[in-house]
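Below is one structure, written out as structure tokens; the observations come after it.
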Amino acid sequence: MSVPLLKIGVVLSTMAMITNWMSQTLPSLVGLNTTKLTAAQGGYPDRSIGVLPANPEESWQVYSSAQDSEGRCVCTVVAPQQTMCSRDARTKQLRQLLEKVQNMTQSIQVLDQRTQRDLQYVVKMEDQLRGLETKFRQVEENHKQNIAKQYKAIKAKMAELRPLIPVLEEYKADARLVQQFKEEVQNLTSSLGLLQQEMGAYDYDDLHSRVVSLEERLRACMQKLACGKLTGISDAITIKTSGSRFGSWMTDPLAPEGDTRVWYMDGYHNNRFVREYKSMADFMTSDNFTSHRLPHPWSGTGQVVYNGSIYFNKFQSNMIIKFDFKTSTISKSQRLDNAGFSNTYHYAWGGHSDIDLMVDEGGLWAIYATNQNAGNIVISKLHPLTLHIIQTWTTNHPRRSAGESFMICGTLYVTNGYSGGTKVYYAYQTNSSTYEYIDIVLQNKYSHISMLDYNPRDRALYAWNNGHQVLYNVTLFHVIRSEQL
């Protein structure tokens, strides 16, 4: 118990002792108890004699008498009424004591009430103080935990940033290289201007070779700038709401400049009609389209339009077909040996998505799985004209555990699911035959992604999300290595 409660307990105990003493002592002092007179009467048997007072108002009177077992006489008397003793000094003392007792009793009652009220207040305050102490202890513990979490987060962030230091050093060197290119272009421009004014001042062949060399170096530099490591994906941009829950849509990354046609394929099986919209604006604002009928129904949503032709997986087979839109004919078909089909090794969402065709800066790719690789993802680079496999990589990632996947700069990126919270969490680099686990959030705005492909010309991801056609902008981390230029 706390110190305030101990003090109040002592006060209450003392008050109780005083009250008990007064109740027992005061009546005996002033003769308020029944008066008993005892006399020795030997030899008489026990008996009781009742004598009524003749006039109880005048004097002390014997009320009764009796003999105890030892032969002593026990008498009971009655004191006279106060009216007869009003002039007695003892009566005044008694009256004064009674008044004092009454005053003390009232004071004690008041003190008791105050004490009880203060006791309740102290108990309440004690509970509040204990609650505050508990809250302060919780705040202190939470503060320590938050500091620990913040420390861990900062430490993890530093671990992520530390590998970027040598990359930044390379960027400094690359910046100097670009500055050299800029100076050389300026020098060549000045030389060409002087050449026009003073023909023969410079050797034309030498000047031409310098221009060609610089052009090649700049082209190689730009090609390297086009590729990079995926570091971020923007929020979803809804282009249109149409079609069923599953489907695919795309533009041609190798289309001529000004050709912005959109290709649209609703459903994932037993359909063979492809819609052609003249432009992205027409696709967004109207339903004016041209319909192309394919010779076979497609399977899944892994189709891709590339350099004027559509590449798709024939339904219920591992056959890849290249269909030319200009001639409306099949220009090439080829089986993808050992590739699973008909929902054998599909994406997590199903939909006969066993074979996924895609393109990036490096060309045409096929993503699938085989029994020989235990149902794990297989990556094959295809020749766009003959459909022959140029090179194959086997991964350790189960095909059925992947939500969707796409290629950027020779790296396959895999999502962890197709519904709810989605992120890109696995990356396989074909240039080094290595993989890593990453964590890049992919906003799943409409809760069911059944198609996700990268377009290298637009630097964007095309997705079919539960009957919505959406786009994602991507952020690539570029590294220019000067020694390779």
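In case you wondered, yes, glycine gets a Cβ from its N, Cα and C as well.
Taken from TrEMBL, the feature coiled coil applies to 94-142 (among others).
Sequence annotations record features per position, and here TrEMBL assigns coiled coil to 178-224 (among others).
Annotated disulfide bond per TrEMBL: Cys227-Cys409, in sequence order. If you draw a 10 Å sphere around the CB of Cys227 (disulfide bond), it holds 18 other CB atoms from the protein chains shown.
Mean pLDDT across the domain 'Olfactomedin-like' (226-478) comes to 95 in this model. The domain 'Olfactomedin-like' annotation in TrEMBL covers 226-478.
What TrEMBL lists as signal peptide is 1-16.
Its Cβ placed at the centre, Cys409 (disulfide bond) has 20 other Cβ atoms within 10 Å.
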